[in-house]
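Notes follow the structure.
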Amino acid sequence: MATATEKPAAATTPAPAPAPADPTPLCTTCAHPAPHVYTTYTSKSNIRLGVCTHCGAFIDPLIEAPALLLVLDLVLLKPRVFLHLLFNRGSPPLDASAGAPPGSAASSSSSAAQPPCPYLARVRHDLAALGVATLAADVGVRVLPLLQSPGSFNATLKAVILTVVAAALELLAQHAATLALALAILYARGWYPARKGGSLSSRDGRQRSFVPELVPLVLLYTTLFPLLLQLALSIWYAPPASIHETLLPTAASASVLPERVVAALPAALADSIKAAEDGVVAAWSGANRVWAGTRLLGGMSAGFGLRVLLPTRPWETTSIVIFGWVAALLAAQWLDPLLLG
Ligand SMILES: [Zn+2]
């Protein structure tokens with residue numbers, strides 16, 4: 001399981017070394033880079049939060065926050081929690097008692113003296129851990145109905161293994177597609193890798209510390225909660241037999257588009273629109289609405305998380321999320337006959 005979920009980062013990371021040249025923490029209010037989030041004095045418990053030189057707010061008030069507050073902020077999709085989790089968590093403090101002059105030398109050179117590896121290693125560790133957790137939650141959601149229907153042990157075991165493979169490949173497809181489109185857009189904007197000639201913004205800490213692994217990581221942070229919600233709902237809440245089933249024939253026969261518009265379209269296009277609408281209605285009527293709702297919630301959260309991480313426009317971010325969804329859907333459609341057969 002671990003190897004399968006680590007692939008999104010490994011498989012799609014471009015060949016050049018992705019380590020940022022100068023990973024620094026950043027202000028969770030304005031994303032301005034900062035040399036240190038906080039300063040420690042003689043004892044570890046004696047610390048002082050750093051203040052942003054750009055906006056005057058505390059650089060990262062969440063550095064001391066308990067895990068529960070971070071989870072609540074994640075559920076509420078607060079931008080500061082994404083910036084804290086992606087860039088600042090685990091960043092070394094400035095040690096005022098270490099003898100190094102806390103003035104110019106420390107603030108300018110100690111972040112450069114820190115090798116970039118710890119930052120990248122931390123990001124990859126988070127990516128692997130969250131990937132495994134997401135895969136486990138996804139498999140749990142899919143496997144629970146199988147376990148409730150009685151069957152032979154071997155058949156159930158085979159179904160569980162196939163579910164793990166399918167969920168891992170869909171996750172891989174979604175993350176690979178999302179990352180590929182995100183990197184293509186960032187490359188086109190000259191944001192990552194930063195174009196030669198010095199377009200590396202000195203005011204955007206996200207650009208200074210960006211590594212491609214952050215894209216799947218922010219996606220995992222935003223999709224895990226809706227998945228856990230779905231898992232909890234599927235344990236404690238059994239959706240009633242759908243009342244929409246009887247509405248299906250009439251609903252499927254009517255198109256969203258006005259008849260005049262449909263008549264004006266070429267026959268092939270009108271047919272494919274009709275087929276797509278029928279597919280959506282069938283999926284909505286036949287499938288689990290809890291699943292659909294949590295997926296929608298996950299997609300919206302993912303869009304929000306990516307908007308915090310990336311400098312993209314809203315329509316670009318939406319395209320990135322939808323592209324990942326389509327890739328996962330295509331992978332699922334491609335895998336279904338293989339796994340069932
Ligand atoms: Zn600031």
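Every residue, even glycine, has its Cβ placed from backbone N, Cα and C.
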Can you say which of 80-100, 122-142, 269-289, 290-310 is given as transmembrane segment in TrEMBL?
290-310
Restricting to CB pairs under 8 Å, which listed stretch, 209-238, 290-310, 317-335, is in contact most with the transmembrane segment (159-188)?
317-335
Which bits of the chain, at least 6 residues beyond where the transmembrane segment (290-310) starts or stops, bring a Cβ under 8 A of a Cβ in it?
77, 79, 82-83, 86, 141, 182, 185-186, 206, 214-215, 218-219, 221-223, 225-227, 229-230, 233-234, 237, 239, 283-284, 317-318, 320-322, 324-325
